[in-house]
Every structure is written in structure tokens, then in C-alpha cells.
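Asks: One structure, as C-alpha cells, below. Some questions next.
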Amino acid sequence: MGQFTVVSLGLLAVFLSLSGAKGDNCPANWISRNGVCNKLFPDRKTWLEAEMYCRALKPGCHLASLHRDSDSTVLAWYISDHFKGAGHVWIGLRDTNRKRTWKWSDRTSTNYFSWNQGEPNNVQDNENCVHLWAPSGYLKWNDEPCASLHPFICQYKL
């Protein structure tokens with residue numbers, strides 16, 4: 001029995017050291033989800049200013065892209081739990097050609113949407129950027145003019 005415990009502990013130590021070697025840890029104040037690191041910045045910026053800020057942080061960093069319900073849930077929890085009263089929060093989705101063709105700033109596939117009911121509605125033909133809608137608990141999206149000022153979430157792949 002004692003030898004089994006020693007071998008088990010040895011295998012556990014090897015597993016933990018190898019899993020740490022993958023580099024799946026995000027820097028302090030960033031959260032990890034599905035192979036990416038995210039951080040909310042409370043500074044209020046336009047969509048383009050926020051995207052440029054993210055890009056300046058490190059190569060490959062952009063406004064956050066969401067590709068499944070679990071992505072939305074993790075970010076909604078993070079914002080709600082750590083940034084009370086943040087208001088709407090920019091994500092990396094926008095309609096660059098103003099034809100209701102939504103694309104992520106990191107150029108990943110646009111295969112998932114979580115629009116709030118009645119959205120996107122393109123009020124005054126001027127809503128071409130997307131934020132997480134605060135009244136939905138950050139689970140739903142709304143289109144908004146890109147010049148609006150909001151906090152934002154940056155993201156980069158591990």
C-alpha cells in the first residue's frame with residue numbers, strides 16, 4: 001500500500017509539472033477561458049480606441065471574441081462579480097462594411113451570436129459595433145454606434 005501511494009504521488013507530481021509547462025496560466029488580473037486570457041479594462045473608450053489599446057498590449061491581442069455559450073457565461077460572471085456597475089462592455093464584433101455582416105476583430109470565425117431580443121436593430125443606421133448588454137447580466141449583445149464610450153475586454157490566445 002505504501003509503495004502504491006508513493007508511485008501515485010510521483011505520477012501526480014509529473015502530471016502537475018507537465019500541465020504547468022503548457023503555459024496555460026494567464027498573467028495576474030487576467031482570467032483564463034478555453035485557451036485564451038481575458039481582462040476587462042474599466043476605461044471608457046470608443047470601439048476603435050479599445051481595439052487599438054488591446055493590440056498595443058501584446059501581439060495577437062484584440063477585443064474579446066465569443067464562440068459558445070460557455071464563453072459568454074464565463075465573461076458575464078467575471079464582469080458581474082468583479083466590476084459592479086461597469087455598464088455595457090465592448091467586445092470585438094462589428095459590421096465593418098455596414099451590411100449587417102458581423103466579423104470579429106481577431107478574424108476568428110463568426111459562428112455564434114447571443115443577441116438581445118430585437119437586436120441587432122441598427123438604430124438610425126449607425127450601430128455597427130457590439131457590446132455586452134449590462135441589463136442582461138452581460139449574457140446578451142446589442143449593436144451600438146462605434147463612437148460610444150464603454151469599458152472593454154481584451155483577449156489573447158495562450
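Backbone N, Cα and C define each Cβ position, glycine as well.
It should be emphasised that the depicted structure is a prediction, and the values quoted were computed from it without experimental measurement.
The following feature annotations were taken from Swiss-Prot:
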type     : residues         : note
SIGNAL   : 1-23             : signal peptide
DISULFID : C26-C37          : disulfide bond
DOMAIN   : 33-155           : domain 'C-type lectin'
DISULFID : C54-C154         : disulfide bond
BINDING  : E127, N142, D143 : Ca(2+) binding site
DISULFID : C129-C146        : disulfide bond
Asks: Spatially, which candidate from the recorded positions C37, N142, D143, C146 is nearest to C154 (disulfide bond), comparing Cα atoms?
Replies: C37
Asks: Residues other than E127, N142, D143 within 8 Å, Cβ to Cβ centroid, of the Ca(2+) site?
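Replies: After dropping the recorded site residues, what remains is E119, P120, N121, N122, V123, C129, V130, H131, W141, E144.
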Asks: Tell me, how many other CB atoms lie within 10 A of the CB of C26 (disulfide bond), whichever protein chain they belong to?
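Replies: Summing over all protein chains shown, C26 (disulfide bond) has 16 other Cβ atoms within 10 Å.
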Asks: Using other CB atoms within 10 angstroms as the count, which residue among the disulfide-bonded residues C129, C146, C154 scores least?
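Replies: Among the disulfide-bonded residues C129, C146, C154, the sparsest Cβ neighbourhood within 10 Å belongs to C146.
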Asks: What three-state secondary structure does DSSP assign to E127 (Ca(2+) binding site)?
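Replies: In the DSSP reduction, E127 (Ca(2+) binding site) maps to coil.
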Asks: Mind giving me a neighbour count for E127 (Ca(2+) binding site)? Other Cβ atoms within 10 Å of its Cβ, every protein chain shown.
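Replies: Counting Cβ neighbours of E127 (Ca(2+) binding site) within 10 Å gives 20.
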Asks: What is the number of other Cβ atoms found within 10 Å of the Cβ of N142 (Ca(2+) binding site)?
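Replies: A count of 20.
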Asks: Roughly how many Å lie between the Cα atoms of D143 (Ca(2+) binding site) and C54 (disulfide bond), rounded to a whole value?
Replies: 20
Asks: Counting other Cβ atoms within 10 Å of each Cβ, which of the recorded positions C37, D143 scores lowest?
Replies: C37
Asks: Which ones are near E127 (Ca(2+) binding site): of the disulfide-bonded residues C26, C37, C54, C146, which have a Cα within 10 Å?
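Replies: C146, listed in sequence order.
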Asks: To the nearest whole angstrom, what is the C-alpha distance linking N142 (Ca(2+) binding site) and C37 (disulfide bond)?
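Replies: About 23 Å separates the two Cα atoms.
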Asks: Quick one: what's DSSP say for C54 (disulfide bond), helix, strand or coil?
Replies: helix
Asks: Measure from the CA atom of C54 (disulfide bond) to the CA atom of C146 (disulfide bond) and give the result in Å, rounded to a whole number.
Replies: 16
Asks: Measuring CA to CA, name the entry from the disulfide-bonded residues C26, C37, C54 that ends up nearest C129 (disulfide bond).
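Replies: When the Cα distances are compared, C54 comes out closest.
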